[in-house]
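Asks: Here it is, the structure in full.
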Amino acid sequence: MASKEIIFDQKARDAILKGVNTLADAVKVTLGPKGRNVVIEKSFGSPTITKDGVTVAKEIELENKFENMGAQMVKEVASKTSDVAGDGTTTATVLAQALYREGSKLVAAGHNPMEIKRGIDKAVEIIVGELKKLSKPTKDQKEIAQVGIISANGDETIGNIIAEAMEKVGKEGVITVEEAKGLETTLEVVEGMQFDRGYLSPYFVTDAERMVANLEDAYILIHEKKISNMKDLLPLLEQIARSGKPLLIVAEEVEGEALATLVVNKLRGTLHVAAVKAPGFGDRRKAMLEDIAILTGGRMIAEELGLKLEQVSLKDLGRAKRISIDKDNTTIVDGAGQKADIEARVKTIRAQIEETTSDYDREKLQERLAKLVGGVAVINVGAATETEMKEKKARVEDALHATRAAVEEGIVPGGGVAYLRAVKALEGVKVSEGEKFGLDIVRRALEEPLRQIAGNGGYEASIVVNKVKESKDTNFGFNAATGDYEDLVKSGVIDPTKVSRSALQNASSVASLMLTTMALVAEKPKEESAAPAGGGMGGMGGMGGMM
């Protein structure tokens, strides 16, 4: 095991502070509508130009191991806030820096860090409660668009497209972001249920020009196992042929004799049929097949449910007005499922979303929910160059997260003003003498986002903060984009409450941990030993004993 280097107390806190400042100073220049750009070198390809705090934070790695620990802890603040709320990463970094900077001065002066930590925790709890009181639900599409515009660094096109997407698919719909082929950023809404499995054979295609199989008013067979034997399928195919309706087969796999027979009958015109693989894997596949069955009013054919393929009749099949299948996707529109059954299924999935602890599972459950209720919207992001495309796509994803957060927990006035207004809740709070310092640190730190926004815009930060503080109007603040003092909610400068709350909670959590740190342990750098000088071919004597 390599030997370690350990530093204690003030020396440790100074190293952390230096790391925190290095990272935060690089990140905070991006804050606000007049935030500056940061250019990041890439080992290959062109450099990345960004105004996104978390992108800058993720790139920073410091040479000094102890300073790097401080930087990495603040990076954690940015990443966590981005994961939870999708935005507010720069604000969280600014808050963490301010809390730690002020706190470390007090600890250096001999105050008890544990009392300061308790004070910070109490203050943050009160401020979060006050932010929730200040919060208002998003009323209309316009407000949702404004949240998107701010999060996308002032890009109106992005904000409006996201608001339109949310209106079309509802707040539980799935909105995905893809790269477009052209320069335009467009919105495409898929009605009904779509899953990422295409036709098993191109011979099923009905529209040769677009390479799509369209089935109108079709039956749907939902089978969880492979179908390879034709004789199991024959009784059902005879019933389908008599009914004259198209059939879609969704199964784990359709292969061999069964697939060949379907293709031959399709080409002869005896049957109008198509087959696709079931979506998902393992247990998730079973759940998705159940979803399709409920949406279309059919039954999932599974032996464990006592249903065999040869016993299936038309009443066991699902129905849909229209089915469209291309080589990658299948879309089922207007399924014949009972409304009550679909609602019961939706309720079950919602309960699972509440219970799950895995982000991945939650995302997949959310997708299933959207397919049953709302639909799916795809935002195709267009740009002129690869670099611009990456940057724009990241902004769209940020804005999408922020608008979701706004719909979830409501909005507060933006531009760092909500924090200033929430500070009044700390007046008259009864705490011990040591904890009072923690309250004061939070009080000072909450001015920092507004100071930084004003500073980045080229305005005098102290004057701006004092002018905003003087007003009793909750929504009155400084609009750095125009340089005006106005009602921020009316002028569209708003932040999702979830973003403001998460930024403060994550920043205070990490700042408190760093304040109560007394020692840092890191591996000693290995001393590179100089390579021994090459000694030529000497030393080859003494070989005479060899036979």
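Cβ coordinates are placed from backbone N, Cα and C, and glycine is handled just like the others.
The model shown is predicted, which means the values in this text are computed figures rather than measured ones.
Checked Swiss-Prot, it gives:
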- 30-33, Lys51, 87-91, Gly415, 479-481, Asp495: ATP binding site (BINDING)
- 533-547: compositional bias 'Gly residues' (COMPBIAS)
- 526-547: region 'Disordered' (REGION)
Asks: Highest CB neighbour count within 10 A among the binding-site residues Thr30, Thr90?
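Replies: Buried the deepest by this measure is Thr90.
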Asks: Considering the binding-site residues Gly32, Gly88, Gly415, which residue's Cβ sits among the greatest number of other Cβ atoms within 10 Å?
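Replies: That would be Gly88, with the most Cβ atoms nearby.
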Asks: Among the binding-site residues Lys51, Ala480, Asp495, which residue has the largest number of other Cβ atoms within 10 Å of its own Cβ?
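Replies: Of the binding-site residues Lys51, Ala480, Asp495, the most buried by Cβ count within 10 Å is Asp495.
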Asks: Indicate whether Asp495 (ATP binding site) is helix, strand or coil by DSSP.
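Replies: In the DSSP reduction, Asp495 (ATP binding site) maps to strand.
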